[in-house]
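What Swiss-Prot says about this protein:
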type	residues	note
TRANSMEM	13-33	transmembrane segment
TRANSMEM	50-70	transmembrane segment
TRANSMEM	82-102	transmembrane segment
TRANSMEM	115-135	transmembrane segment
TRANSMEM	161-181	transmembrane segment
TRANSMEM	198-218	transmembrane segment
TRANSMEM	263-283	transmembrane segment
TRANSMEM	286-306	transmembrane segment
TRANSMEM	321-341	transmembrane segment
Amino acid sequence: MDSFFSTYVLPAIIMIGQSLLLLVCLLVFIAYVLLADRKIWAAVQLRRGPNVVGPFGLFQSFADLLKFVFKEPIIPAGANKAVFLLAPLVTVLLALSTWAVVPLADGWVIANINVGILYIFAISSLEVYGIIMGGWASNSKYPFLGALRSAAQMVSYEVSIGFVIVTVLLCVGSLNLTDIVNAQHTGLGTVLGLPASFLDWHWLSLFPMFIVFFISALAETNRPPFDLPEAESELVAGFMVEYGSSPYMMFMLGEYAAVCLMCALTTILFLGGWLPPVDIWILNWVPGIIWFTLKACLVFFMFAMVKAFVPRYRYDQLMRLGWKVFLPLSLAMVIIVAFVLKLMGWA
C-alpha cells in the first residue's frame, strides 16, 4: 500500500499542486499583462489609461473580471447554444494547457517532455477550432467572417513558425525546451572567442528567423497589425460580436494566454530563456525565473509597441506576406542553416 501511494498517488498530488500553482500565477500575470497593454497604448496616445481602481489602476483587470462574472450571458435566438458556450471554453483550456511544458527556469517545469516544442505547436494549432466554433455557432455573418479569416490566418503563419522550429532543431538537436535554452550557453560569441553572453543566444546567429518568428507570432495570436479576425472597424468585433459576460472573458483570457505563450517561446528559442545576459557571478546569483520574466516582458513590450504604432494590414497584404515572403524566407533559412552546419561538421 505504501509503495502504491509513493509510486502513483503522491506524484499525482504533487503534479496537481504544481499545475494549480502555475495556473494561479499565470492568471495573475495575464491580468497585469492586459493592464500593461492598455497602459502602453494610452501612453503612446498621451493618455493616462486605467488609473482609478487601486493605486495607479493596478486592480483594474480584477475589477473587469468581477464585472464579466456577474453580468448575465446573453445567447442569440438563432445560435447553437451548446457549441456557442463550448467555443470559449475550448479556446481557454487549449491556451492554458500549453504551459505545462514551458520551463520557467532550470527544472521549473511541470512536464519536461522530449518533444515539448512539438506539443506546443500541436496544441496551439487546435485553438483555431474554438474560434471557428464560436463564429459558426453565433449564426451571424460578422462572427462567421471573422472565424474564416482567423482560420486562414493561423494556418498560413503556422507554416512559417514550423520552419523556424525546424531551424532551431537543426542547431540544437533536440525538441526539449530545456535543452534548447542550455544549448545557448555557447554560440556565435563563443566561436568568436568572446566570453559567454547574450551574443551566444540564437537571436544573433538566427536573426532572420527571429524576425520571422516575432511577426508570425503577432499573426498567430491575432495581435495588431494582424487583428483581421476581430477588426473593430470592419467586422465590429469579429468572431466575438455576439459574446458577452463570462464567455467573452474566456475568449480574452485565451487570447492573452496565447500572447504570453508566444512571448515565453520567443524568450526560450532566441533570447536564452533564464540565462543571464553575461555569464558573471553577480548576474548568475539572480534567480533564473527573474531573467525569464524580464525577457518575456521585454518581448511583450515590443508586441504592445507594434500595436500602438503599426496600422492594420489589409487581408490580401496579410496573406501575401505569409505565403510569398515568410514561407520562402523561412524555407531558404532552413536549407542555409543545414548546409552551414554540415559544412562546419556540426551536423
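Backbone N, Cα and C atoms are what each Cβ position is placed from, and that goes for glycine too.
Between the transmembrane segment (82-102) and the transmembrane segment (286-306), the number of CB pairs under 8 angstroms, six or more residues apart, is fewer than three, so the stretches are not in contact. For the transmembrane segment (161-181), same-chain residues at least 6 beyond its ends with a Cβ under 8 Å from one of its own Cβ atoms are 101-103, 106, 109, 112-118, 121, 202, 205-206, 209, 212-213, 216-217, 220, 268-269, 272-275, 327, 330-331, 333-334, 337-338, 341, 347. Against the transmembrane segment (263-283), the recorded stretches 13-33, 50-70, 115-135, 198-218 differ in Cβ pairs under 8 Å, and the greatest number is found for 198-218.
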